[in-house]
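Below: one structure, written as structure tokens.
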Amino acid sequence: MWDRLLTDCHVATMVPTRGDPLGIIENAAIGIQDGRIVRVGRRAELAGTQPREVVPLHGAWVTPGLIDCHTHLVFGGTRAQEHALRRAGASYEEIAQAGGGIASTVAATRASSAGELLDSARQRARMLIAGGCTTVEVKSGYGFDTASEIRLLNTARALSQHEPVRIVPTLLALHALPQGAKRTAYVDMVVEEMIPAVARLTLADAVDGFCEGIGFLPHEIERMFDAAENHGMRVKLHAEQLSNRGGAKLAARYNALSADHLEYLDEPGVEAMAEAGTVAVLLPGAFYALGETQKPPVQLLRDYGVPIAVASDCNPGTSPLLNPQLVMNMACTLFGLSPEEALAGMTVNAARALGYEDEIGTLAPGMQADLCAWRIDHPAELGYWIGLPGPERRMVAGVDA
Ligand code: DI6
Ligand code: FE
């Protein structure tokens, strides 16, 4: 017997059908058993089933639970001061070179107790949850040494024990060079100590890096990717955010799950991503907060059939953004995505960017029953309102959460 039958709803399954990227089923019902979807169909087709509980949704639209596939949610302090400096004309790179930026968050993170770190991350997670997220990727990266990165990953994992959300932890191993560190020695440490330790403890699904002039260069990222591969971990990369360093192409060569940011991505990079099936994760919050003007090549990504995801990039420096509806709205308004593309970007394609497309991101038999019920007239509204409040109802594994 099914546990639950959701009725009186319309569903955007996010399994595209011909001419309908949202896979819409109107007047639908959804059967749930053991936390997974058993059937999605027209209400009439599901008549006669005898669930333990019938849940009428009073005409709501149901979508897969939203997936924020790129966040830096665990950190100490804020960088409100830096926001002020940038308004007064300083650039992100200038602030970083003067010892602010990522390094200042590392100091504030190290100064935070375990309880403080968890509490502040929980507060931020709750905002994403309230906005409809059922899965959130969380990167480390504000530790700069093995023990500190492990502490951040443990905090990320603890989030899912305290809040009703799935957490996908990522080791952001090469984020910025600590002040006074020697480049080669630091990369050696990451390759020989940090990645093996995190792999041994199975604390992260994937390894990430920041490929940029103020981050790490391709030959350093390559060593990190080799180490990840040797330890059976997938990779992803912050690439082509502020300049074109060929990061996306490099990531594609390692079958990366995703390459993220991509404002300066060129056609050879797009082509390589298409061939490797690497997802393009666009981060309009960082583009907006940094006042960038160079936009990611959305039309080229479409032309080559690269799946596009969108995410908050929530971090204290370049994207203090915690509203998933606003992420989708900004992806439409700033980058020219259609509302359908933006919704796919926080569901089906976000799942792909995490390697969990067989579990979450679509509403189909066998998938986790992670979903949101929205009081709207059409799913396009999700990319239309500027900072809409969250869904009326949210379920994780078929349970209201
Ligand atoms: N790119 C980003 O958007 C964040 N990290 C990265 O590599 C910014 C992190 C920060 O400024 O604290
Ligand atoms: Fe980031």
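Yeah, the Cβs are placed from backbone N, Cα and C, and that goes for glycine too.
Counting every protein chain shown, 31 other Cβ atoms lie within 10 Å of the Cβ of HIS238 (Fe(3+) binding site). Taken from TrEMBL, the feature Fe(3+) binding site covers HIS70, HIS72, HIS238, ASP313.
Annotated Zn(2+) binding site per TrEMBL: HIS70, HIS72, HIS238, ASP313, in sequence order. Sequence-distant contacts of HIS72 (Fe(3+) binding site), defined by Cβ-Cβ distance under 8 angstroms and a gap of at least six in the same chain, are VAL138, LYS139, GLY141, TYR142, LEU172, ASP313, CYS314, ASN315, PRO316.
All protein chains shown were included, and the count of other CB atoms within 10 Å of the CB of THR318 (4-imidazolone-5-propanoate binding site) stands at 26. Feature annotation from TrEMBL assigns 4-imidazolone-5-propanoate binding site to ARG79, TYR142, HIS175, GLN241, THR318.
Within 10 Å of the C-beta of ASN315 (N-formimidoyl-L-glutamate binding site) there are 24 other C-beta atoms, taking all protein chains into account. Secondary structure at ASN315 (N-formimidoyl-L-glutamate binding site), as computed by DSSP, is strand. The feature N-formimidoyl-L-glutamate binding site is assigned by TrEMBL to TYR142, ASN315, GLY317.
Summarising the annotation, TrEMBL assigns domain 'Amidohydrolase-related' to 61-374.
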Rounded distance in angstrom between the Cα atoms of HIS70 (Fe(3+) binding site) and GLY317 (N-formimidoyl-L-glutamate binding site): 14
Greatest inter-residue Cα distance in Å for the 4-imidazolone-5-propanoate-binding set ARG79, TYR142, HIS175, GLN241, THR318: 20
Alpha-carbon spacing, GLN241 (4-imidazolone-5-propanoate binding site) to GLY317 (N-formimidoyl-L-glutamate binding site), which is rounded to whole Å: 14
Listed binding-site residues adjacent to ligand 2, that is, members of GLN241, GLY317, THR318 whose C-beta is under 6 A away: none
Environment of HIS70, HIS72, HIS238, ASP313, the listed Zn(2+) site - residues of the same chain whose CB lies within 8 A of the CB centroid: THR71, LYS139, ASP260, HIS261, LEU283, ALA286, ALA311, CYS314, ASN315, SER319
Rounded Cα-Cα span from THR318 (4-imidazolone-5-propanoate binding site) to HIS238 (Fe(3+) binding site), Å: 13
